[in-house]
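Annotated features in TrEMBL:
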| type | residues | note |
| --- | --- | --- |
| DOMAIN | B:25-135 | domain 'Alcohol dehydrogenase-like N-terminal' |
| DOMAIN | B:178-304 | domain 'Alcohol dehydrogenase-like C-terminal' |
Protein chains: 2
Amino acid sequence: MRATLIYGRGDVRVEEVPDPVLAAPTDAIVRVTRACVCGSDLHRYRGMEPVAEGLRIGHEFMGVVEDTGADVRSVKRGDVVLVPFLWTDNSCDFCRDGLHGSCRNGGRWAMNGLDGGQGEAARVPQADGTLIKLPVGADDPVIPSVMALSDVLPTGHHAAVTAAVGKGSTVAVIGDGAVGLSAVLSAARLGAERIVLLGRHRARTDLGRRFGATDVVPERGEEAVAAVRALTGGDGTPHVLECVGNTAAFETALGVVRDGGTISRVGVPQYAEARLDFDVFMRNITITGGVAPARRYIPELLAEVLDGTIAPGEMFDLSVGLDDVPAGFRAMNDREALKVLVRP
Amino acid sequence: MRATLIYGRGDVRVEEVPDPVLAAPTDAIVRVTRACVCGSDLHRYRGMEPVAEGLRIGHEFMGVVEDTGADVRSVKRGDVVLVPFLWTDNSCDFCRDGLHGSCRNGGRWAMNGLDGGQGEAARVPQADGTLIKLPVGADDPVIPSVMALSDVLPTGHHAAVTAAVGKGSTVAVIGDGAVGLSAVLSAARLGAERIVLLGRHRARTDLGRRFGATDVVPERGEEAVAAVRALTGGDGTPHVLECVGNTAAFETALGVVRDGGTISRVGVPQYAEARLDFDVFMRNITITGGVAPARRYIPELLAEVLDGTIAPGEMFDLSVGLDDVPAGFRAMNDREALKVLVRP
């Protein structure tokens, strides 16, 4: 089959790779009908040292079940399934605690010999715990919104949940990428009254307003902090959803958070250390968040996608075939596209 | 009057300073009957560059009201009062939220011309919001336990509260100083079932056991992490109370915390940055805590001190007069004393 490989900074190729085969009785083989390019894929696209053998890539996908191992009970050949960005048994103590990122029998796509999502097919370990059977066809018009449930919407939702956003909350969302916009949508869905979106790309912040942002702050750095504080009586917001993952975004988060408030980080950190100094201590700032347990949130969010309450699929503004995945990376990297849908 | 000044590393002196006088109608003058040396005083004792004019020091004290400004309503001359380690109006929106460290009209002792606690008397701003009138005499046998309420017990309690310790919790407490032992006592009081105390000073960890520690881990660094994990089925503890404030303690906290768990920092951080990397992100670790709102917790804790439910005063193992405060610093710095009570 054909699949996407990354060879280094700016070097993504679609090449022939071995077809997936069942390796354990809990596996399923899924023919991929849609995949996405994720903002976190761009971290490697921007910074990875060259490698001689390309690495598989992609962790957001859906498809049709082609085969199942002997122990798989919840899906069968022909089922249309959504695949979360982590595979999990959905039954260990960590999963039962809603912490699927720490699943005792789970892991990440495109690692340790596993397929990535940006290819024609994938072997799915722990199929019963991982796959969500969809009640719609693989080409249903709602599919782009369903695809947002593989990663970005649950990730934005995780930011809002872990930052304890609720009815009447005042929230700052840092970043107008797909995760930031998902965080806006999630905060609005949870009842936030005021949602300040920090972003400077007009098309994105306009979509952010449609998703529920009440204010947009296009400034950066200290000017952004001053603007958010000006909007909030000088004190900042009790809830900050940090959806970028670099040091500048973390500093902005510390600048806009109200004393006693919470910063939830859902942008994969591109730093090893961050400021947790006397000032952060005296202000009683809480840092929370982390990798989202998408599998836990999908049933609840899927119901609202299917009944039309939310339409996160509006984020996809470019659709490419498998051979054009490299062009999709380029478009996202150059900020010409917000979120790329792949149709293998 | 006489008061304690610090001139640099290892250089604490008791000298003549101006008598305090009422400066605002909300002030009170308190004659100090007891003070303490705090572990955080030792940070300067260990690292402060020499200064030509000594700096006032001390933030844990109690005493007898000598005079009050025209607007003071809650205390009067002759009242025996406990003084929290921050002064606050106890009425602004931050204080009403229980975040006294961010009081809009509060601050720290021994700063900006204010007296420190280690002296014969002090001017107390915002007397109505700061002082707690005590129903016992200044020399009552319960006074050492009352003095623990000025800072260390509320600080340990803040660690337990912000880390969401409750009935049946499994908790690790890092540090066997007065704050660490206070955190043990607080966790036990809140219903923790298992309390692992990380400390290597036998007299202190023995007191920790009396305060409720179920296990003591004397190892340090990676060995301590391995020991705590061995005690907890390999996974670590969901609640970690970091009561030291240096990078090694923070790293130990990251090592012993269970995935999805919370580290509450109440040791004043002696670092500017700390590890918040991909590993911390993937494990969904929450970092919380900060300076404790002692004024908020004191009424609840004082009631239990007065009825004998808790006896945090057991931590005081050295008592000195004002002239011997320098010897008290030395004893605490050399770990000969756990906690020093000063009787001016």
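Just so it is clear, glycine is given a Cβ too, placed from its N, Cα and C backbone atoms.
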I'd like the per-state residue tally for the domain 'Alcohol dehydrogenase-like C-terminal' (B:178-304) from DSSP, helix first, then strand, then coil. 59 helix, 30 strand, 38 coil
Where DSSP helix means H, G or I and strand means E or B, what are the helix, strand and coil counts for the domain 'Alcohol dehydrogenase-like N-terminal' (B:25-135)? 20 helix, 35 strand, 56 coil
Give, as a single whole number between 0 and 100, the mean pLDDT over the domain 'Alcohol dehydrogenase-like N-terminal' (B:25-135). 97
